[in-house]
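Below is one structure, written out as structure tokens; comments come after it.
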Amino acid sequence: MHEGRTGAVIEARNLTIRRGSRVIYDDVSIAFDSGVTAILGPNGAGKTTLLEALLTPPRAGNATIRFVGARVDDSDSFRAFLAGVGYMPQDWTYFSGFTARESVEYAAWLKGARGSSVRSVASAALDSVDLTAFAHVKVRRLSGGLKQRVGLAEAFVNDPRAVLLDEPTVGLDPAQRASYRRFLRGHATDRAVVISTHLTDDVEAIADRVVVIAAGRIIFDGAPAELAAHGTRTEGTASALEAGYLSVVGANAPAQGRL
Amino acid sequence: MRALTLLARRSVAPIAGLAIAGIDVWLASLAMTPGMRLWADVVTGLTSAALPTGTLAAGIAAFEANRWSNANRDRTMVGVREPVLVRAQHAAAVALPVLAGYLLALGILGVIAALTGTYGSPAVLWLASLGAGLLLATAVGYWAGSAFGAHWFVAPVGALTFVVGYVAATVGLPVFGMRALFPAGAAMDSVFTRTVDLTFLGKSACWLGLTVILVVTSRGSRRPGTARRVPTIVVLVAGLTAVTGGVVVIAENGQVTAAYNSRDFVCENDGFTLCLNRGYAVAMQPLHAAFAALNSRVDGTPLAAARLEQNVEGIGDLPARGARSVYVERLSSPSDIEFAVERYVKKYGAAPHCGVESIGVPAVDYVDTWLSGADYFSDGSPEPARLSALKRLSASEGNAWFRAHASAYFSCSLTLADLP
């Protein structure tokens, strides 16, 4: 387990999240280092809830959130935290009327960029996702894959130490997904990239670490190969990793819920 | 600043601003007194435009607030900048083009006024309050638009909120001063009034204070899970400003004008003196001719005019010593001049002596009509024979007859038998 490591880029301890009377997470602790971490789990397991709690420490109740070793517990540390993280939500939306450049520039401005640096950091972000040629095209006119790249450029525009991406490859064709993965892989050497996904091939392709969550608990935390080792590939499973994932999730599912 | 201009440029608010400018110029033109060029009429027209332009501003602001909120909720949540300031900046990006449209209208009307020699000067506080009212309408729409998810009906609801507010204020509020707090409503400026500055200051303060409160309390101006980072002092000051302004308006009972004659006259002395406000100088020649005709008939009697001063009818009608009031508001047809003479005759002739019975004294009625040079029936019906007989008299015959019957006329004892 990666709990409580002092060198973690982003870390949450004793995270408890409730929605009404329902407990989503009960006293969970998790930390993320540099590299790509995939959060895997069935639909409704709370992947998005976890990312949102990490992004808004004040919403994380009594949990302790640390960012690059510093506790996020006041407005100054919260600002530093926000300045150092990037985020792309699952249902990434754009402001109709904005071009790709304007959309990324606005995200940069929201992240605190000022004056001429707004333009320069946006240019760099667009360039990094190969969108320079489309910079002056309205986002609404871009294809689905190119739109996702605008979202990616926004998430990286502030050169964050930690990036949280919620289901970033959903809806992309194989070529786009490959391009996406290459980008993430190439930008994870000096930052924590956390991807929430339910696609095991994403995990296999780029993740250094995989965290499986189900029923409000972390049920697996380790290397993709370790997860793959948990299962036996049978007919109907696409890969050893998927077999391992199904095995881990199945073993932790409530008895009545098992197929 | 770049973000502000970016948001403004990529919104429909600039188009709304142009539409508002068009509506303002159009309604101000419609309000012009026929035959005159008066700034007071421009202000009246702009005031009447407050309802349609406010409705448009509210609808557009609701649309833009809704569009922006739903696209940028996540970006704002993880942004470094305070959501309330980000929200306020976007509201400004919507409001500024709307306000610019109003200012553009003022500029266009100002140029037209300069080119056409429009009389007077705009009531600055009045115009400022109209701008503040437009901002409040925008803020109302913005607040409403922020409250909803992405739906087609948000813009109409924003616009409708403003219209419903207008109807509710007009119908539901018992005190005029309270009704005047709604940022749209009819009010008439005139050359013969002065503005009640305190009311306009109160309106502007109230509306600007409410604008600030609506923007900072709109949905999405707070980061989830955090306390609202609105400086309490801003809300307190805005609230205090709004309440103080509202109290002032209610205390003034919403009164925006008071009767006033600036006595900025141009006069013509030719047998008698006729003084008209400089803005109405175009009426001088026909009005002088009409009163000269009247004087030729009533010469030697108390009805003869020696000095006439244009004035406002009713409260504030205080002519200088030795002068009599003449009322003229428009000059679109000869009947406007006849109406001015008729009002003079009714005020200074027999009618006040006859009291409510004057209607029942046809002889006096016929004489007044003859003296005014007006038609007895406006629908073209044949006029009474006695009146026709009066009209057939030459100037000298008419004067002789009126002198002979002046005492009967003024004592309201004139009968049809006295008529020629």
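Placed from the backbone N, Cα and C atoms, the Cβ positions cover glycine too.
Residues B:230-251 are the range that TrEMBL records as transmembrane segment, among B:230-251, B:340-361. Pairs of Cβ atoms less than 8 Å apart link the transmembrane segment (B:152-178) most often to B:38-63, out of B:12-32, B:38-63, B:84-117, B:123-145. For the transmembrane segment (B:123-145), the most Cβ-contacting stretch among B:84-117, B:198-218, B:230-251 is B:198-218 (pairs under 8 Å). Remote same-chain partners of the transmembrane segment (B:84-117), defined as residues 6 or more beyond its termini with a Cβ less than 8 Å from a stretch Cβ, comprise 3-5, 7-8, 11, 13-14, 16-22, 24-25, 28, 37, 39, 42, 46, 53, 57, 60-61, 64-65, 68, 76, 127, 130-131, 134-135, 138-139, 142, 146, 215-216, 218, 220-222, 228-230.
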